[in-house]
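Here is what TrEMBL records for this protein:
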type: DOMAIN; residues: 14-100; note: domain 'Ribosome maturation protein SDO1/SBDS N-terminal'
type: DOMAIN; residues: 109-238; note: domain 'Ribosome maturation protein SDO1/SBDS central'
type: REGION; residues: 141-213; note: region 'Disordered'
type: COMPBIAS; residues: 150-176; note: compositional bias 'Basic and acidic residues'
type: COMPBIAS; residues: 180-189; note: compositional bias 'Low complexity'
type: COMPBIAS; residues: 190-201; note: compositional bias 'Basic and acidic residues'
type: DOMAIN; residues: 240-324; note: domain 'Ribosome maturation protein SDO1/SBDS C-terminal'
Amino acid sequence: MQINQPSNQIKLTNVSLVKIKKGKKRFEIACYKNKVLEYRSGVEKDLDNVLQIPNVFINVSKGQVANKDDLSKSFPSIKLDDIILEILNKGELQVGEKERAAELERVHNEVVDIVAGKVVDPKTKRVYTVGMIEKALDMLSSQAGHQGQAHKEEKKEERKEREHAKEEAAAAKTNEDETAAAPTEAGGNADDKGKDKEKEKKHLPKWTGVTTTKSAKSQALEAMKALIAHQPIPIARARMRLRITCPTSILKHSVKSAPKEGEDKSTGTVKDRILSFVEQVETQDVIGDEWEVVGFVEPGAFKSLTEFVGTQTKGKARAEVLDMAVIHEDD
């Protein structure tokens, strides 16, 4: 006897699911493995190669197709094709272990490549190899793991110390002695200094490894901050090479306001302030009625420089990026 499936059930196998929750309803679409990530990264643009079937489901594994009423309530005034695109772009991707590992490796390699292109040895100004950057990040991630375990043990020790301190305080009430209290207080101050140093270490940027939930660019910035803060190898951000031009008529104007926090505190003329941002001047010249300087600037100072140029010169001066990251300078 032949058993017919319900008309709203479609059986699919070997799929990657993309899910989205709207209100109390959860919707799914069925895609080919690995194709969702390729579509989101822009590698794959043909939806026919991404979607196993152009439909929205309540449950793909059971083949339950979402009915029109549920879709219209959750996605008002949106066509089915647009609903599919919204789920594909914004939904949560459910992938298998192999796909997840492949994506993690791809992001890891991209992060390491970005970092390797933007940091240098501060003495030689030479770029580090990808392998050296990878080892340095591995050192930080393993260190973060040890610190996490050590933090738990510290909490236990702190609880024991507090209990012990309470017992000592109770005993001290029965027999107070000022001369004995003095060295105890000094010891306490030394302990406080040690704790302050530990707190400073805890507030430094940490690196625990890559994740697939953030972009490679943002993770690369986090990795660079951690590398520079902890210095597992001598490392610094590669400097930017800029060309700054300014009309000679305003070079000797006095600076109107004090520098913001984090800026160089040098005062004086517009020219003095511009040069204070430049770590190393390559060339400096007057061409016609414009003064031009080409030099190297720390990436962290670039924003302050552009703000100064825009506000203090009312846009008459310009800062042009010639090289985002100078990784080596010829003698």
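Any Cβ shown, glycine's included, is placed from N, Cα and C.
Over the domain 'Ribosome maturation protein SDO1/SBDS central' (109-238), the average per-residue pLDDT in this prediction is 76. Residue counts for the domain 'Ribosome maturation protein SDO1/SBDS C-terminal' (240-324) under DSSP, helix first, then strand, then coil, are 25 helix, 33 strand, 27 coil.
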